[in-house]
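Peer 1: Have a look at this one before I ask anything.
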């Protein structure tokens, strides 16, 4: 009970947050009251986000630096291959769900035309991929801590669409993890000559982990604050879009399509984490996936409560190490997967919008359910990172 106390408190916090949010919805609390309710959660998230970047850098460099060049390169390539494979499977599942449920069909029938055609915008998906590659190799690693590259669109003379690559605010985690990976590989290649660097980053990692794990005892309070606050704000969102819904949809068709969209996404997510991923794990390792679910339950609940895979990252690493996973693998794979899931979200959003028949101009509608989808998607990503780590540990 003592060892599982934080997990018990985290699960209880999720339930209390949901119950409190639902119970207070009828009271129509003021905006100031909602701000106060969300304040503990905001502070908790800020504390964790402050440490995510140094945690990723130190864990990746220290894990790769402790391995020989061959095994380190093999682990990196195998990790990348695993995530590419599961991404392909997830894509197949997603296409099957969309084709079967067809969440945009009601919109097409009501308008007498395919809404996907109306949704085709001037934003080109290739620009998203190019931005990803640009962000992988920042020209200034220090600037990457607060800026990233992004393609912006604006109108020039007349109706001409102009594209420009600019520096946008936000941490370029992808570029930092690529730099850290290459740095760690070079350190491992140098061996004993730079052993002091490995010891430095390993010691720094332990300090950061100690700081984060102390902060995690405040997670239950933060989770209650975040979940209840989000539930109370949903009513405001529905009021904001109420006029839009009634003026845009006939007989609530748009609302029905939004519900079908929610069903499609959740079905795809659960098939991926309950069938596809454990089946792949069992076929390759010949081991039961149940211990992985058990090991990752605590970071899963933290991710569900905070909607942040970064907040769950330190707990993921700790739980995997306690499960018997080599610390070098437990440091590298979850950090790599944490960053990669961010990338896949950026690439997939526009493609999903067009596929399910929801026009780009109706993206505001998705916000009304995205708070729920985002939490579940984040938690499933964290669980998937656990499977990836155990998979790599079995094969390296």
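Even glycines carry a Cβ here, placed using N, Cα and C.
Heads up, here are the entries from TrEMBL:
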| type | residues | note |
| --- | --- | --- |
| TRANSMEM | 47-65 | transmembrane segment |
| TRANSMEM | 77-101 | transmembrane segment |
| TRANSMEM | 170-188 | transmembrane segment |
| TRANSMEM | 200-227 | transmembrane segment |
| TRANSMEM | 258-284 | transmembrane segment |
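So that I understand the layout, could you describe where these features sit and how close they are to other parts?
Peer 2: For the transmembrane segment (170-188), the residues of the chain that approach it from at least six positions outside its boundaries are 53, 56-57, 60-69, 72-73, 76, 132, 135-138, 141, 144-149, 194, 197-198, 335-336, 339, 342-343, judged by C-beta separation under 8 angstroms.
Beyond the ends of the transmembrane segment (200-227), by six or more residues, the same chain brings 6, 9-10, 12-14, 16-18, 20-21, 37-45, 47-48, 51, 54-55, 57-59, 61-62, 65-66, 302, 305-307, 311, 314-315, 317-318, 331 to within a C-beta distance below 8 angstroms of the stretch.
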Peer 1: With Cβ-Cβ distances below 8 Å as the criterion, list the same-chain residues six or more beyond the ends of the transmembrane segment (47-65) that contact it, or say none.
Peer 2: 72, 75-76, 145, 171, 173, 176-177, 180-181, 183-185, 187-188, 194, 197-198, 201-202, 204-205, 208-209, 211-212, 215, 218, 306, 308, 310-311, 313-314, 317, 327-332, 335-336, 338-339
